[in-house]
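*Asks:* After the structure tokens below, expect a handful of questions from me.
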Amino acid sequence: MKKYKIIMTGGGSAGHVTPNLALVPKLKELGFEIKYIGSKNGIEKEIITKENIPYYSISSGKLRRYFDIKNFTDPFKVLKGVMDASRILSKEKPDVIFSKGGFVTVPVVIAASMKKIPVVSHESDLTPGLANKIASPFCDTLCVTFPESLKYIKDNKGKLTGTPIREDLLKGDKERGRKFCNFKENKKVLMIIGGSLGSKIINESVRKILNEILKEYNVIHLCGKGNLDESLKNLEGYRQYEYISEELPDLMALADLVISRAGANTIFELLALRKLNILIPLSANASRGDQVLNANSFEKSGYSMVIKEEELNSELLLKSIKDLEKNREKYLNSMKMSKIGNGVNNIIDIIKKSAHM
């Protein structure tokens, strides 16, 4: 019986890596041998090696939308990356490549195309990121998460699959989460997720109105690295953490309402878990504007309340929390009606087909 092999790639941020992990259990169940290609120093190396998946490093230049002197040297790093990836692919002879985006994927996808190895890519955001835009001509299929994304994909390569969500995230234990936080009072739980680096403006806005919030809620605040406030360490009902990984499913199960950035992976997890949410997307000035588009789509569908970062202040945040609670059933019903589910099975079907399984 033929042993099938897949090489996965994606990196630069956790959002380009964790969706890969959501596919791993199913791929293993199907008998796929899994290898990974990432950068030498990216976050993907730490995440993937913890999962005991064989990891290859390649050279990769950063893709920028702005002028930088490195724009003249990085194409040579990409070229070296293509040669690095080509050697790995010649050695491993995979049946299919799965690419999750991030600049490290571009050399891998180009090398795979040159060797006629099928490439399945996935884009979480509403509009394709720069890496997926560049890699798109070399892909066979580009899986997307939002129905609106299909209009941006050329040559009929786009497939609406949804985003892959880790099974363990959907199986959190509320009581285990409560025990972990050790809340004394049995109130509703408000959770704030500012991303792995945190958000200064969200952290400050929340902390200014903590006393008001704590009248109604226990608070779990994922504030990002280096953003703990020591003066609030012993405040009853308030738990702050720089970052949570292992316990996240339990804390998500415990949360009644979530305030979050609008990265695609996070918001689709909130939708899958049917969590009331307020989204504060990273402004277009500080990014390519993908979070603004993601949030607008969710607001239009009735899944989320949205506050623009430029308009955020403590008073507006407190008012929005109260308004969301008043309209709780309306938002929950919209989420229940959503036909967008976990994308794992849809993507696995495309991978199997591409590998001629």
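Quick reminder: no glycine exception, Cβ is built from N, Cα and C everywhere.
Values in this document were obtained by computation on a predicted structure and should not be read as measured data.
Annotations per Swiss-Prot:
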type    : residues                        : note
BINDING : S13, A14, G15, R166, S196, Q291 : UDP-N-acetyl-alpha-D-glucosamine binding site
*Asks:* When you tally the Cβ atoms that lie within 10 Å of each candidate's Cβ, which of the binding-site residues (S13, Q291) has the highest tally?
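*Replies:* When each Cβ's neighbours within 10 Å are tallied, Q291 leads.
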*Asks:* For R166 (UDP-N-acetyl-alpha-D-glucosamine binding site), just count the other CB atoms lying within 10 A of its CB, please.
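*Replies:* Around the Cβ of R166 (UDP-N-acetyl-alpha-D-glucosamine binding site), 20 other Cβ atoms lie within 10 Å.
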